[in-house]
């Protein structure tokens, strides 16, 4: 067998979840895996928000983001710093920000009922029509 036939396709395109799902459905014989950096990006944004709220510098090695899901199909549900739960502070700040927003990604009611913060890529799943319409307005990528 040719060595390229045993290759693993590593998908790092966005939205990773949708593209990887399409590969699995429409090219099931192609071994593939999807990866994304949303987890680390979300963690760093939450650290920055906590630093601004508390006036304390946070070492990223001491912070842990509790996330449910995989790749772009994730919901953030907890955050600790040195073992101390900081989630209520972050969740309440997020709810205030969503309530003040003109066109928030998520309704405050959704986030409050879940008590989780959805990954921003979940807009492609929850609001598919809205996202497609928005993308139709974008200039060509190439």
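Quick reminder: no glycine exception, Cβ is built from N, Cα and C everywhere.
Bear in mind that the values here come from a model prediction, so they are computed numbers and not experimental data.
The annotation substrate binding site is assigned in TrEMBL to 14. On its own chain, residue 14 (substrate binding site) has 36, 72, 121 as residues at least 6 apart in sequence with a Cβ closer than 8 Å to its own Cβ.
Annotation source TrEMBL lists Mn(2+) binding site at 36, 72. Secondary structure at residue 36 (Mn(2+) binding site), as computed by DSSP, is coil.
Note on the domain 'Glycosyl hydrolase family 4 C-terminal' (68-134): DSSP counts are 35 helix, 16 strand, 16 coil. Annotation comment: TrEMBL describes 68-134 as domain 'Glycosyl hydrolase family 4 C-terminal'.
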